[in-house]
Amino acid sequence: ECVVNEVDVGQPCLACEDKCTGFKSHEWRSTCSVCRCPRELHDIYNDNFVNVRDRLGWRRDDDPQTHSTKEQTLRHGYSWVPAGLTRDEIEEYMEQLPNHKVPKLNSPGEKYRDIQLIYQLPKQDLSSEYCKSLETSMEMKEFKVFRELRDSIAMDMGVVKPAQNNTSCSNCSGEIEGGELVVVATKLSTDVCYHPACFVCCTCEELLVDLTYCQHSRRLYCERHYAELIRPRCPACDELIFSAEYTKAMDQNYHKDHLACKNCDKKLIACRYILKEEHPHCIPCYQELFAHNCEECKKPIGPDYKDLSYKEHHWHEFCFKCFECEKSLVDQPFAPKNERIFCADCHDNNFAARCDGCTKPFKGGMKKFEYKGKQWHEECFTCMVCSEPIRNKSFIPRDEQVVCVPCYERDFAQKCTKCSGVINKGGVAYKNMPWHRECFTCTNCNKELAKEKFTSKDDKPYCADCYGDMFAKKCCRCTKPITGFGGTKFISFEERHWHSDCFVCYKCDASMVGRGFLVNEGDILCPECGRN
């Protein structure tokens, strides 16, 4: 007789957390009747020490090579240990397992073992006492035959022992040295061995709990996945199907009455249903739980209608229309505004920005030109003179309007006094007349006068040198021009001229500026030199 001490009633849901008040078994489903989550998503555990032979309903034996007692196991600090090993060998075995799967007391590994006992060895596969769906004596008989054949032909306990010789792992093909601990599955062969961490179910790839395995076609399975090779398993109640009649749907097999709505349990044989999150739902439940309400008519969008959506808003196909002109927007461009939807024309007419030139709206895809807070269509952004569109050409602002470069240069730009060319940059002004820098030159020698000293004669500019040579008075002493640059002082006497520095006594070179002097045959003399 199988001994199962699973505690599930009232246990919290690991998925719903506080939303579930605790597990309560559904009448026939393998789910919680409170939160409808699967039983395995609740914090189910085994009460007290679990001997896997008791769970399987197998007779215990007293051979220490095949069975470890509760006291021996707990003394080593684990909830399960392989039989027939010394303490050092037990530690060597555990060191080869992933840390989170080592069944050390009060550790994640102990919880992992608990979960695998419940999952890999489902109680409804082990005893008819835990089956809710065996309705006839024939089904009971089939279950018994399945169990007897499984236990005699397929199921056994792996044996952990040192390897006799150098060999290789039947799972990973890795090397195994003689004396290294291995697991042997005698239902396959005494020569076939595995690394401890490689002794896993070939379907779920989990460690075979407490080394309980089933073999099929020389491959290892946990009992759950072995059973599913022999009999179909109903996904609703998680029990194997032993009835002659059952329902096939969605690539799965159901007891004939178990293809039902996930929400209300309505039988769905010969009924329409909709899959949601891989579970079937009747039409009314689907509409109540999952159907979106239409933004326009506020009614649910049932499975018979197209659900058109935009940014978490949904419409019936026939309700998806322009708010203003009521034109259908199916497969048409549209734009949202103030929680309403509009066709492109109505949206543009009511809400689109308008051109400061023609006052018409900007439509989708149109180029928009912006300047000083105003905006224009491409064809409306034009030169104020020639009315040609500016497009990507340069322009010059004038009186709050714009002028293309050719028109500006022709009608408004400053022109050089000398060459009449447009002055774009770097011009100079002289007597309110503009010049190019390179055109503002000495009238005589053409030297550029920008940043140079110059003067004018008859409104024509001359550099200092040319002006002095051509028009300035000459000093009677040094014969050089007397120019007025820098505030130069000079002396005039009887139409003769001198630099201030040159107005000196012709004999002793004493300065005559501000002093009396004598003239002797044109020479300027100081009074002393004149008396001598």
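Keep in mind that glycine also has a Cβ here, set from the backbone N, Cα and C atoms.
The domain 'PET' annotation in TrEMBL covers 59-168. Here TrEMBL flags 167-232, 292-352, 353-414, 415-472, 473-532 as domain 'LIM zinc-binding'.
Assigned with DSSP, the residues of the domain 'PET' (59-168) fall into helix, strand and coil as follows: 56 helix, 11 strand, 43 coil.
The predicted model assigns the domain 'LIM zinc-binding' (292-352) a mean pLDDT of 84. In the domain 'LIM zinc-binding' (292-352), the DSSP tally of helix, strand and coil residues is 11 helix, 20 strand, 30 coil.
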